[in-house]
Amino acid sequence: MANLLTLLFYVEMIVVSGFSLGASGLNMNYYLFSCPLAELIVKNTVNRALQNDPTLAAGLVRMHFHDCFIEGCDGSVLIDSTEDNTAEKDSPANLSLRGYEVIDDIKEALENQCPGVVSCADILAMAARDAVFFAGGPVYDIPKGRKDGTRSKIEDTINLPAPIFNASQLIKVFGQRGFSAKDMVALSGAHTLGVARCSSFKQRLTPLDPSLDSQFAKTLSKACSAGDSAEQPFDSSRNDFDNLYFNALVSNNGVLTSDQTLYTTPQTRNIVNTYAMNQALFFLDFQQAMVKMSKLDVKEGSKGEVRKNCHKIN
Ligand code: HEM
């Protein structure tokens, strides 16, 4: 009897922890039997890479976002262009994506361990999650089971939000994918990591964007004096996942139009204020929104494949 109860307890634990198929068919323990070390291999590889170059955390988080917003989270952003096809990664919006080599290292390790099992889309989703944690952000689990897509076309990237968007435009494009305004602001908090290049914000300098703090305008102009590719961190701690990005917005020190608009627009201003004052709440909302994003239009079962090489379809 005691053994039976113990067994029932474990079965329940597994079900509660997400082993049962959710509505989407993804689940937390997808690789439990087929590749039990998958999570560990991803985490260790990400940690090693970020110990060498902490700036890559930003690259991995952004790459996951750009993957999910175009064709769903299906690794389409990782595919290389061929003679007959210009892929997403060669779109101007993707030229500054970074961290492909980390995904390649993870894929190589996983193919050695359990060939043909772990999709590139799942690798990217797990790597982004581990990068957030490495940088000091929240720890959270994501369901797995995404398959890799076979379409990657430069023209699809027109659907990425532009840095010149105002809050209404951002609310609209995120809303079309099922995100609330609060989700969108929390996700924008990923800009607590990393940098923007001058080409992404120079239009705010002439004529001068009135929502830009005058001292900070000088900082941006100085950055741009080094050319279009010169980098400007979004906040004062580019490698730390914290809420300083929101504090920067409150001080009118947002780098992109699409950042500062979150504070200048009444509909989102209170959310920015709340996150600037309460980092724990930002972390909570961010992790929920990231899990939601990681489930965007995923391809399951025969709708996709597990690529052998993340750079090309099988
Ligand atoms: C709200 C709409 C968004 C817009 C318009 C936007 C736009 C941009 C732009 C223009 C850059 C700088 C690119 C460059 O100059 O090289 C950037 C960087 C970045 N974005 Fe976003 N983004 C948005 C939302 C997001 C979301 C939802 C995430 C992730 C969840 C994200 C993560 C990042 C990260 C981490 C960087 C820094 C990358 C690095 O340092 O390599 N962004 N974003």
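Any Cβ shown, glycine's included, is placed from N, Cα and C.
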Given TrEMBL lists Asp67, Gly72, Asp74, Ser76 for Ca(2+) 1, the same-site residue among Glu88, Glu101: Glu88
Cross-link partner of Cys310 (disulfide, per TrEMBL) out of Cys73, Cys114, Cys120: Cys120
Annotated recorded positions Arg62, Cys68, Glu88, Cys114, Pro161, Cys310, filtered by Cβ under 6 Å to ligand 1: Arg62, Pro161
Residue among recorded positions Arg62, Gly72, Cys73, Pro161 with Cα closest to the Cα of Thr192 (Ca(2+) 2 binding site): Arg62
Arg62 (site 'Transition state stabilizer') and Cys114 (disulfide bond), Cα-Cα, nearest whole angstrom: 27
Euclidean distance between Cα atoms of Asp74 (Ca(2+) 1 binding site) and Cys68 (disulfide bond), Å: 7
Arg62 (site 'Transition state stabilizer'): tally of other CB atoms within 10 A of its CB: 22
Separation of alpha carbons, His191 (heme b binding site) and Pro161 (substrate binding site) (Å): 14
Recorded positions near Cys310 (disulfide bond), in sequence order, restricted to Arg62, Gly72, Cys73, Ser76, Cys198 and a 10 Å Cα cut-off: Ser76
